[in-house]
Amino acid sequence: MNVSKNLSTDKLRYKIKDPLLQEFLKMINEELKLNCIHARYSKKGNAWLYLTFPTEFEQANALKLLKKYNWKGRSLISTLVTADTPKTNTNLTYIESNHATKKPKLDIPLSEQVLMSTIPYHSIEYEEQLRKKSEEARILFQRFGTIIQRKQPPLAEWCAMRKRQLNSDLAFELSPIIQSKKIDRYRNKCEWSVGINPENDSVAVGLRVKDSMDGIHYVGPPDCLRNLPIPMITLAKKFENFVKNYGGDWRLWRNMIIRMNEAGEVMVSIVVNQLVLDFEKLPSIKCSISKWFKENITENVVSLYFQVYGEKALADCISTPNEAELLWGQKYIIEKLLSLSLEISPATYFRLNSLGAEELCKVVADLADVNENTTVLDLFCGSGCLALTLAKKCKQVVGIELIKANILDAKRNAEINGINNCEFIAGRTEDILDSVLEKLKGCNVTVIMDPPLTGVSPGLVRTLRKFEEAINLIYVCSNHKLPLKNLLDFSSVVRYWQKPIDSDPFLPLRIVPIDMCPHTLRSELVLHFKRFSIDEILSIKTDRPSRVYSHRKFKTKFHPRTSETTSNSQPSTSGVGGLLSYLKKIEERAFQEGLAKGLERKAFQIGYSRGLQSTDSDNNTFNKNSHIYPDQ
């Protein structure tokens, strides 16, 4: 929701044409007596709807009334969007000339802002959360199937065949969402920021609620967060008292990082800002932290670390990791993952939900279906959790990760658990993948990918597609949105001009959603891709003809005279000469009509690509593919 002042409400309402959206607006304006002046959908595949109200008072009233409101059997949730006025007709004007450059001041309780930004589903039942996330996953893959059929016409029949096999409206098997074993207090890591409480302008420790300004972060209290264990919240309050009583510049303290295992052991890391730090006082600062810890901390803290944060330390995460210094206690905490015992350090990459991480490993193992002859290639392996759980079931594991500290953790945990068939390599995946694949030639390879939220580069996708030894691919999407570009690159069969790609595609067969973080929008998606022969896909017969270039749109049209249309016949495919002669007639007629690109237009209509050469190889290619894309 956002606020918009002095807009023409009639013009805004007139733009809304969607029947379902009109029905929803009628409900909130007539039944709830709200004054919503504009509504729009978010991006395709997203379940959010944006509403605009003319005043802040009406906005706050709408937030209150729509919270937990039931519409069409579903519980609605409402949250705040700090956005400027929506895009409208350029003829609309504002009374305040500088209104577009100002963001509305939000009169919402700080605790409510923390909930909205962190766990927006906190107010609805968990069963309803699962239904919402399942529905969103279905919408995402319905859209993905539509895009595949539009951008890759040869895959349309494959999708239709899969729908018949699954007896579903989706070409991919969508499994029921796996729910979290712990609904509340499930997080094993939290990062508390030191900043200013905007309600009382005092120094506070909590979660960020606003963007930083002049290096100052605005934070809110953590008491209301049901996804955090109580010891984490208690330690944040104690650290806040320490910062307030320390004296000097409070900006010295950057944040407090807390990790906690299922046994209740706690690891605390205190991080300071390098730009504010006086290195001559560094021993005194460490001494103050140790003293405060020994006198005030009664929680089950087993490790206390001290760390200096600075851009220089983070410049090269491969060769110069930003290591934390152990001030007191044990170096690691032990986390159980299925049959493994993992040592967790401050820099270890591990899922935020320990029990959810176990469910993820089970799903990946089920989809990968490895055996003693399988080689697992784990890209973006992090600390090697997925790779280590598969190691005892397969021949060997090769993991690649950018951050050197995670690779060290993976090697150490492999040694602790007696796993000796793993090799972990630190480096940028795109730089070293070619050399790794060269060593794996001749092996039966299953690829596992857990990439960043933005996905991977097209070059990496092309490299994996050309690696013929890779048969199965498991793609772990850690975001509730899909990297559609990656999925399309993996599954593409022909290029945009309908020329077949020279490598076999990976097509998605099954998707398993996992609710890793209850009360949030996030759900992880595990996708199983399998290698298919491009010739097998292109040979799938269709009962209804489809135009090869039906997805192309042209601004000009070629309109031959009726007499010439009836007299001219389609060219014979028995020889290239007849085709070139026909194209020459088209060209002559096009220039007579004043259409410079008439040749190209008509050529596309009859299903021949531009630039056909008079060679036997091209003629053979044309004859070979003519049965795949029948002309209409």
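Every residue, even glycine, has its Cβ placed from backbone N, Cα and C.
Nobody curates TrEMBL annotations by hand; they come from automatic prediction.
In TrEMBL this protein carries:
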- 372-439: domain 'Methyltransferase' (DOMAIN)
- Phe380, Glu401, Asp450: S-adenosyl-L-methionine binding site (BINDING)
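Counting only residues at least six positions away in the same chain, the Cβ atoms of Phe380, Cys381, Gly382, Gly384, Ile407, Ala410, Phe424, Ile425, Ala426 sit under 8 Å from the Cβ of Glu401 (S-adenosyl-L-methionine binding site). Each residue of the domain 'Methyltransferase' (372-439) gets a DSSP state, and the totals for helix, strand and coil are 31 helix, 17 strand, 20 coil.
Same-chain residues with CB within 8 A of the center of the Phe380, Glu401, Asp450 CB atoms, the S-adenosyl-L-methionine site residues themselves not counted, are Asp378, Leu379, Cys381, Gly382, Gly399, Ile400, Leu402, Thr429, Met449, Pro451. Looking just at the domain 'Methyltransferase' (372-439), the mean pLDDT is 93. In sequence order, Asp378, Leu379, Phe380, Cys381, Gly382, Leu386, Val476, Ser478 are the residues of the chain that are 6 or more apart from Asp450 (S-adenosyl-L-methionine binding site) and have a CB within less than 8 Å of its CB.
When other Cβ atoms within 10 Å of the Cβ of Phe380 (S-adenosyl-L-methionine binding site) are tallied across all protein chains shown, the result is 19.
Overall, the recorded S-adenosyl-L-methionine-binding residues Phe380, Glu401, Asp450 cover a maximum inter-Cα distance of 10 Å.
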